[in-house]
Amino acid sequence: MRGIFVFIETKWEKDVCGSTIYVQAHHSGSRIKVYANRGDNITLPCRLDGQSSLFGNRIKWAKLEDDSSETNVLISMGLHKKTYGDFQDRVYLLEVDDNDATLVITDLDLNDYGTYRCEIINGMNDKIVEVDLELQGVVFPYSPRLGRYNLNFQDAETACLEQDAVVASFEQLYGEWRNGMDWCNAGWLNDGTVQYPITKPREPCGGVRTSAGLRNYGRQNKSNSRYDVFCFTASLKGRFYYLILPKKLNFDEAVNACKRDGAEIAKVGHIYAAWKLQGYDRCDAGWLADGSVRYPISRPRKNCSPTEAAVRFVGFPDKKQKLYGVYCYKPQL
């Protein structure tokens with residue numbers, strides 16, 4: 001079973017005990033933060049204080065949504081337990097002793113990111129604990145072949161999913177801004193707001209006299225308003241690579257070349273994850289699944305990306321042009 005990385009003040013650690021993974025997390029009052037990677041098996045801590053036993057009492061785990069609603073994850077009444085929705089067959093209670101209501105989530109997915117609430121109803125000893133589950137990943141801006149500002153919210157969700165990603169949260173975009181992200185096109189976030197991160201204030205991006213930060217257009221009409229989108233993807237569950245071939249390819253040839261190599265043509269989320277999380281560096285422009293051409297540079301240098309580490313965007317060229325290589329992705333079996 002895989003270990004996970006967790007954040008304890010300022011140090012990363014990996015902690016595995018036997019066949020079960022225990023998470024040491026950062027505590028702030030009754031709120032806990034757990035950091036993990038996609039595909040990990042993780043624990044969300046929750047315990048009843050004192051000498052009382054949990055046996056026979058009600059335990060409810062729920063995921064809190066951005067619209068203030070909640071999604072049931074697991075409910076336990078003594079020996080009777082029920083799991084819900086996408087969490088079925090992926091969650092269970094750890095129950096290391098009679099006071100333990102810790103939740104285990106297996107095979108962590110992008111959509112598992114968020115805040116979870118543990119409620120223990122135990123008469124005089126009721127308890128509520130909230131746990132923030134944060135995935136290690138990367139935020140990237142995305143616009144389709146149609147060009148800038150063509151996505152309503154539903155289109156934005158679909159666009160991210162097609163690139164092995166989900167619509168980013170405010171917290172994820174804020175974290176990326178703190179790490180230096182600067183992007184002048186406004187994009188959807190998963191709470192229905194439209195924002196963009198600026199580290200270098202300038203006239204076209206809110207004005208020279210404004211301070212650096214996230215520019216916020218507020219909540220927009222999800223059906224009629226059209227913007228770009230900020231997507232979030234996490235660590236790869238497979239191998240991303242540039243396919244070495246003797247000649248350049250058009251788009252259809254690129255798709256087939258990856259298939260012949262036992263892989264699929266890579267998605268935009270794959271190239272960003274490989275670049276940001278694995279330090280992948282290649283100065284060859286290659287086709288991706290959405291018909292775009294890009295290349296990842298983690299070591300800036302002349303003729304590649306002279307001033308900054310970045311995924312360089314060539315554009316959406318004519319798919320019949322035989323001018324580019326291809327990036328492939330081989331999922332882990």
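Don't overthink the numbers, they just go from 1 along the chain as shown.
Backbone N, Cα and C define each Cβ position, glycine as well.
Going by TrEMBL, these are the annotated features:
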{"type": "DISULFID", "residues": "CYS184-CYS205", "note": "disulfide bond"}
{"type": "DISULFID", "residues": "CYS283-CYS304", "note": "disulfide bond"}
{"type": "DOMAIN", "residues": "39-134", "note": "domain 'Ig-like'"}
{"type": "DOMAIN", "residues": "138-233", "note": "domain 'Link'"}
{"type": "DOMAIN", "residues": "238-330", "note": "domain 'Link'"}
Rounded Cα-Cα span from CYS304 (disulfide bond) to CYS205 (disulfide bond), Å:
26
Only counting partners 6 or more residues apart, tell me which same-chain residues put their Cβ under 8 Å from the Cβ of CYS184 (disulfide bond).
TYR196, ILE198, ARG202, PRO204, CYS205
Far apart in sequence but close in space: which same-chain residues, 6 or more away, have a Cβ under 8 Å from CYS283 (disulfide bond)?
TYR295, ILE297, ARG301, ASN303, CYS304
Reported in the order helix, strand, coil, what are the DSSP residue counts of the domain 'Link' (138-233)?
22 helix, 30 strand, 44 coil
How many other Cβ atoms sit within 10 Å of the Cβ of CYS304 (disulfide bond)?
16
What is the pLDDT of the domain 'Ig-like' (39-134) when averaged and given as a whole number?
89
